[in-house]
Amino acid sequence: MRGRRQEDIATTSSAPSTSTSHKKKTVSSNGSFRPRTQSNPGGKMEMYDHFYKNFQRPPMAPVYYPTSEEFADPIEYVAKIRPDAERYGVVKIVPPSDFKPPFAIDKEKFTFRPRTQKLNEVEAIVKEKHTFIERLVNFNRYSGLQFEFPVDRDGNVVDLYRLHRIVQNFGGCEEVNDEERWRDVAREYLPKEQMTRGVPSYFINLIRAHYNLHIEPFNRNLKEKAMKNEDESDDELEELKHKYQHHHGTMRSEPENTDGKNTEDVEEECPMSMQSGRRRSKNKKPVPAKKSSNGTPKKGSRGKKNSKTEEDEEENEDVIEQVYCVSCNEGKDEDLLLLCDIEGCNSGRHTYCCDPVLDEVPEGEWRCPKCIESEDAKIGLDWGFYDAETEYNLNTFTEFANKWKCDYFGVDNVSKVSCDALEKEFWKNVVSHDNPVAVKYGADLITSRVGSGFPRKEDKHTGPDSKLKQQYANHAWNLNNMPVLSESVLSYFNTGISGMMVPWVYVGMCFSTFCWHTEDHWTYSVNYNHFGERKIWYGVGGDDAEKFEEALKRLAPGLTGRQRDLFHHMTTAANPSLLRSLGVPIYSVHQNAGEFVITFPRAYHAGYNEGLNFAEAVNFAPIDWLAKGRECVQSYSNVRRYLVFSHDELLFKMIEAMDRLGLSTTLAAYDELKRVIEKQKRLRQFIAQLGVPARNVEQVAFEKIPDEQRSCRFCKTTLFMCALICNKHKRMTCVEHHDHLCKTCTPKDYKYQYRYEIDNLTHLFDELGKRTVDTAGWQEDDDDMYTQEEMPKLEPMVDLYNVEEQSSSRQKNQVHNIIAIQHTAKSAIEKANQLLFKKVRTRTKTRCQRADTRTDADGVKSLIEQMQGMDCNLSGLIDKLQKFLDQIDAWRSKAQIMMSQEHKYSKDDFEHFIEEGDEYDIKLSEIEELRKVVGMKEWSERAIEITSWAPTSNMEKDIDFEYKMRYTNKDVIALIREGSRSSSNHTSQLIAKLQHMLAEANKREAEATEYFDNPSLDKLQSIWKNLRTSDWFYEPYINLVRFEIGQIAKIKSMIDSTIPALSGLDLKPQLLRLGDSSITFAKAVELSKACELSKTLHKSQEHSSLLELINRMNLFTERIAKLFKPMNSYHNLFEIVSERDDLTPLAEGQVLQLYYQGETINSGNEWHQIKDFDSLEQMLHHQSSLREMQSRIFEKVKQTNSARGLEGCCCLGGNKSDSSESVLSCIMCESQFHVRCCEWSTFFQHLPKGCFMCVRCLRGQRPVIDDVANALNGTPSGCMETHLVRNLIQKSRIITQNLMDCSNKRQSGEVASDEMCKKALFDWLACEIMNPNGLPKAVELIHEFFGDYLEKQASAALELQQRPVKSKPSASLFDPKLNSKRKRPNPSQKDSSKSKSRKRQGQISPIDYCEEETEFKSCQARSCLKPFGDSVNWVMCDAGCKNWFHVICVGFTLREINDMHEYRCSSCLDHADSPASSVSTE
């Protein structure tokens, strides 16, 4: 066992964004309004992290302490506390001290197999991420796509779920593609510390390519599935999901096939068998579905997979078999036809008909979309819960559980772990990836098999405590008895229902959990902790159930969206603190041994165990549940969940026993039957209108049919009152879902079955009515007795009591009132104790204790007088009551003083004083008066907040300018009306000011309305001067003007960095001068979109000027692309025209993947890297720095490439077929390539034969310098894109002149070393513009310096020139996946794999990104190459100096560094006495 783990847990990269925007008025608890606010949409997914790392416990639910008399009847006591307790969802009841039932189980003989729970697989947010990843992998795998998790240059696995959520927050893949926002997506994804030098281009290309190839087809498949008609149910899938409903209801047996799957469904649905078909090799022809000779699909045809029966052969012996594609319905291209690998599925598709399209027949398994969907639906159904083989008894499990907890927390006794520490640790564990925790839980053990913790009536009670066992075997709170108490409607079932009427027991250990759920049929439940440590509960009141469901949908939309009945599976946990932050009221209960917990109808509840314990639970259903139960049936029908029992059947079982029903039960059954009759009349009228023939109507005793054979095939409701039948296909639905019964038959073919004639129902209704009248007579007599002015005599009360005892109606409340009057003295003592000792007995103030039963100060006096008049001696209790009354009088006196001098006291003072008064728990009229004072103080605060509102000088530039809290006309009127109740001078002054401000604001609203008749910038500035003073006002047209101002301010802030201007909102000069400024295309587009949102600027002169600028920039991009970009380009224009930024990682030996750019030219994509620069000066300085670095590092690149050999080819050495003569070496970087992996460039025609440049060194087509200069004519002079091209032209002229000077000096005999000439030649070859003036000199020098190279490569170069151009370019180059088949990394283990693959990089410097002139100074190499860029890697000396070095400065590649056991620098090697394990060359 391990010790306690560390605190820091990486949790919430998987959490979805849930921020929403709203402008509606919110109401506080006291009914007053709050100013509206607007949240920021699209928040980060890490926003929930603190809820798990620093868990905040929800408030505690009430604890109830019944007296022995109250405890005698559990149903009545629950009914008594229900008005107050129900809103908490779950409450605790502590029984009287004399309730000590013996534990009736032999711990040694009690054996069970607990299930294993993996805590980090049950939390909703984490579970959604894991589910998404597994579904994505399965979809790609079965769709025939080679899928691997993308890895960035640092070896980090890209979090695809997080990437998916970010793309969805940006509007989805289509919008991101259209709006060219992949850079924004990457920026959102990458950590902030990696943004110092912008977003790496390779990463943008990586995520764009992977998303479009693997994730978007998966999302598209989900959308298409959602758009299909969801009306048809998938019976097999529903049964599968039903098995994973971890509810207390009995597991349904497998239903018989009543749906006729051998008919039309064969055509519609693909079988869900999980048996895999035979694997297909690449050369094997697939055998898809077949057609008969007339072109129609053959039913039952299975291709080569099927073993035909003799009947099939006879039926089809004359049919000519033909394979065909179910998408295009064609049988051509049989070698490209795929057959689903699921045994028994006929579905076939061409590779080019698949979505996504497949380039070739896949080697692995391929499944049709329907079978993929079937597999997809099963993912995640039972995650987190696994069956175990180890069997325990209670003693051995106790030993295991206690040892596990002690080992985990590092203590020697389980009692030494605090509740708070354990609770915080639990919520960290549910999201822990680094240290997953698995525990065991003996859950849902049925007592009929393993035994109950309570003695049972049917058990044999022996031993010295046999009488005690017999006593508790009959106790009302014995969970074996509660469901069948006469007041529980479940008692009318003749047989028990496992988990509902027959208890289940639970053996828990530390952290074992039960996830969020409601009870079956929304019944009550009761749980008793027999022994052991605490059980922690969280509850949500039934009235807040929909809030809970909506919150969980926001947190995990992927889970709730794919499972209609997610909330009926006990498999999903969610953080209560997080749910509370989303507006869900949640309360907590700590259940100790010997305590009961009650859950109320539709109350969601969840929790965990602090350690070993043994609990028992069962359901019960008082009469008030009946209406909730019917509502539940409708809810189950909506999500197509099976019922545990038929609600209507239960009702009629009660009606059959009407002689035994009490008044309240009779009334409830009467109301329910009335609804049933009304519904049946409507349905039978509808059946006649539907066209079901009268001869097809029959009466059926549904209760005699097994439940699984009388369920609606669509909504799964167990039918009892009526049903529709399709005789031909043996199908059944409820009348409401008649349109899902059959697709081929008509209502004339249907059969309508019903349980009761309408006359029978009416008769039963009348009989129930008579019984309500009889019992009502008893009620009237009882009421008359209590309304008499004189105290009723004892004799009539006893007579009335005897009448009720002989009756079957059991009017318990009235009988107890009679008994209470008979025991007046006892009642008075109980009242006194309740007043004096309430804090001990209730712990929390609840309405149950203070609503109907609370007395006032006069009542306390009367009680004292009553007790003084009794014949018994109660002086001690009377003295305590008198002291209590004196305290109340003192409090009331102080209340009068505070109200008369309220200006001296703050609102908090009054609130604290009110709390003191509430502690007395009696009616005090002063409390209401004090609350009014508090209300007026709150009113003053809100009024002052408005009246003190003043505009600030630059408020328009505030980030939250548009979203500040403001007030509507109705808000202020309501505030004025509320304040008018007070007559104080202070209030009157505030009201007058509010009225004046409101009048002025309404005038401004009228002015704002007129503005939009003819908006303009000039008018906007003028009107805003007046409106600024009423900025507090929130009305439609002022809001619109405010939006316009905010939009103008945003646009101005975007332009100010480019074209500084004076303060104010005048944009005209700036917008009209944009063409001359250093603006980028991306910023121009962003400005245009901002203008389109503004009614003032949209289609204005200024906007038209901006659109013209964008059009000119697009034309410029098209001209430049035509000159520079080859037909199959793997670089965008920026990467071609700019200096190279890939030299450092290449020198380190990293593999940099290149992605095909596509045929279309998009200005946003071609120049998107320019976004990273804040100014033109910064961009040009960056270009200069890259150019300087190139001269320092390129030799290192050559050394690395030479050492790699053909591993540097774009196939990464995977192509072994070419001979040595078919290999080309790049004249510049010396990387080697197979000829078949290369492309011919027209630029090679200008160079000597045999001269070759690789795809990295020759990125463009090398246009002539004059053509490029001409392309700049008419382009915006100041745009950064044009400056970048001009910079390249200028560079070309300089290096060409330098080349010519070196060559001329060499020819004239002047000093011009070979190295100088080689460098000049290198610079000329590296420039992406060809200057013809330098071409002859370059050719001359190439012949002189590289003669042997040209001769060696002549044959391979000729082969390249003669080879035809590829018709379809590769999607990517230098792709590791094309070189080897690697095992797919497990997302849950990505952190550990990362640390392993970066053994040396794990120590790589804290400087993730090198700045250009500064950060390289920290490198301690003797000759630092001064690299910088996005991915400069460092290594630390493992010897004594601990200095840091650039990897490329120490003479090793990154792979070599990672493979070293340790690294020692040269300085440490010089001082070492023994040989080092590695050598340094820095």
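Quick reminder: no glycine exception, Cβ is built from N, Cα and C everywhere.
Of the listed candidates (His350, His605, His647), Swiss-Prot assigns His605 to the same Fe cation site as His517, Asp520.
Feature annotation (Swiss-Prot): of 322-374, 375-427, 693-745, 1011-1063, the stretch labelled zinc finger is 322-374. In Swiss-Prot, the zinc finger annotation falls on 1206-1260 of the listed ranges 51-105, 1206-1260. DSSP assignment over the domain 'ARID' (126-223) gives 68 helix, 2 strand, 28 coil. Neighbour density for Asp520 (Fe cation binding site): within 10 A of its CB lie 23 other CB atoms from the protein chains shown. Residue density at His605 (Fe cation binding site): 24 other Cβ atoms are found within 10 A of its Cβ, drawing on all protein chains shown. In the three-state DSSP reading, His517 (Fe cation binding site) counts as strand. A 10 Å cutoff on Cβ-Cβ distances gives His517 (Fe cation binding site) a total of 21 other Cβ atoms nearby, all chains included.
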